[in-house]
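Q: Provided herewith is a single structure, encoded as structure tokens, for subsequent inquiry.
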Amino acid sequence: MASPRERTLAVTDLQVSVGDGLVAVQDVSFEIGRGESVGLVGESGSGKTLTCRAALGLLPTTGRVDGGRIVLGEGPQAVELVGARRSTWDGVRAGRIGAVFQDPASYLNPSLTVGHQLAEQLRVKRGLRRRAAHDRAVELFAEVGLHDPAAVFHQYPHQLSGGMLQRVLIAIAISCEPELLIADEATTALDVVIQAEILALLRRLRETHALSLLLVTHDLAVVAESCERVLVMYGGQIVESGPTAQVLGDPQHPYTRALMAVATIGDWGRRRLDVIPGQPPAAGEEMPGCRFAPRCPVASAACTAGPVPVTDLGGGRTTRCVRSILDEAVPA
Amino acid sequence: MSTTHPTRAPHDVRLAASLPPTPAPLLRVRGLSVSYTPPRKGTHLGTGAALRDADLEVRPGEIVGIVGETGSGKTTLARATVGLVAPAAGEIEFAGEDIGGLRRRARRAFRRSGQVQLVFQDPLRSLDPDLTVTELVREPLDIAGTLSRAERGQRVAESLRLVGLDPEAVADRRPRQLSGGQRQRVSLARAISTRPRLLFCDEPVSALDVSNRNLILNLLDQLRTELDLAVVIIAHDLSSLAGIADRVAVFYRGRIVEQGPIRAVLEEPAHPYTALLTASAPTIALGHEDRLTPDRLRPDPDRPAWPADLGCVFAHRCPFAHDACAEQPRSAPLPHAPQRQSACHDAVVWRERLDPPHPQKESA
């Protein structure tokens, strides 16, 4: 998994529990290089949102990081985020990590203009004067592709469409020149045309700002076009990871295959919709071996005999499937 | 994964079944226009017409998909059809009966009869959190008031079984105690308890993840065969729709810009907006260089801005707009495919005017 690039985020053996010590994320390790885009994919309840919330220090009140490390940056700039103090978090959120979420309207104050809300960030976090903050805000609105940015500055959230609000939130998120942008289902609620525009915008910002991107989504198709690497999560664990084209071209974990079958493939002629039978395991559910085994079409006795470790397949690819250990091909 | 639904018929059989002789349409909408409050000056509120001059037919046992962006009139069509809003112009005929012209009392009686039912996007918001599953599913029957108490009880259990829920296991639970997929099944059970003939599903799967999404869509497909339902599905996931709908209608800014058999429409769009939709849909089929990209379907940024309210609703975003587009084109059958309709002056020829691809240019 070694990345030749400078490291932006390194998560090691992360364990998160919710409620009464129910383990929801376990044994999660990954890295994001500078300017790299990584997709985190899984069904509802796979632990993908908890993982990114842990990196933002925004776990729900019942959530807790039980173990592992989350390190932002490298060398003298490195900050350990697990157990960080309030003041450390303030610094990190003010200038090093930005985030956008699924429902942009609920993250904006409905009674203030969107320009005011962006300028406020610039004044508080960057220390700009009122005039300079206004000018910079208009510049940022233009950069995220809002037409007539000077007019948008004076509009209230209810006057803008969902796609425009998401652009406003992206402008706010990048206003502090972060190293890492986390997008949690940021395009899920948008229609396909706007979704494609927002994904293109994220790609462009990544190039112009050397921004690292963690894109969290349940839709593999979104990842396919926007991310260099993909992490597939299931039942709180990463079950497969690697360069996107290779993982999608030759998936090694049966769950990745299952996700590909249900994903929005661009085949207009298809006349059947696949489903993954059964339900994912609940948080805290104890399972003897592979967590996907009860739903896996190719499960065998070896799958539930004991914990399944991560296998390094080389070339930056990993999988958590007994067949890789036994060196057996996964039947199609 | 070989997990298609066992009750699903092979597609050629179904195709044959949906070809002529065509049964009389169950729902026939003609020239329908709906208007909300007129625009208020300077507030950007109220857009006036929400739906203009819409024509749509739905036949028994057919699944019709509706796609379009927010505010394009999809939900307004659903609301007008179930009698929640009165049309400003046009006709709505259900099973040969004119329901658009119904007066207040008659319209309420039609609504309460439960012949047309609506399913909403977010079951957590549309289901009363204080009611149990049994109460939720029985409520429409209580309102329709045609069955005895014992019959209603039976109907509730039967409806729950039809959507794949075990009545005994879920009967006394409340929406909060169910998973997202189960909640949407309860919404469906509630909608089918009156044995409607037409089901209008407003974004039934947008709040679900991909696996549950396909599960619910397959369930709708199964219900239409078992109950001989006509189903209209409003959705923004084109690919899922492609796997289930027979026909599709594409909405843009209050108008139906294109409609026809789903595969033909999505594979070879006859309206530039449909082409933009299909080009924008994400896909895992990598390496399709011949695929049309969204940037080839956007107007040249240097082109003078098209007046927002002039002529064709799509002209301001259409790279092919020309003088003739100052007049809104009527929806007309395609010369080579009369079962398809497109509201574009250049429905057949716009494709020839595409610029050659320029791969490195990508606008956001």
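Cβ coordinates are placed from backbone N, Cα and C, and glycine is handled just like the others.
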Q: Pick from B:149-184, B:329-364: which stretch is listed in TrEMBL under region 'Disordered'?
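A: In TrEMBL, the region 'Disordered' feature sits at B:329-364.
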Q: Suppose you had to name the range TrEMBL annotates as region 'Disordered'; which of B:1-20, B:41-60, B:61-80 would you pick?
A: B:1-20
Q: Mind looking up the mean pLDDT for the domain 'ABC transporter' (B:29-278) in the predicted model?
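A: Overall, the domain 'ABC transporter' (B:29-278) comes to a mean pLDDT of 89.
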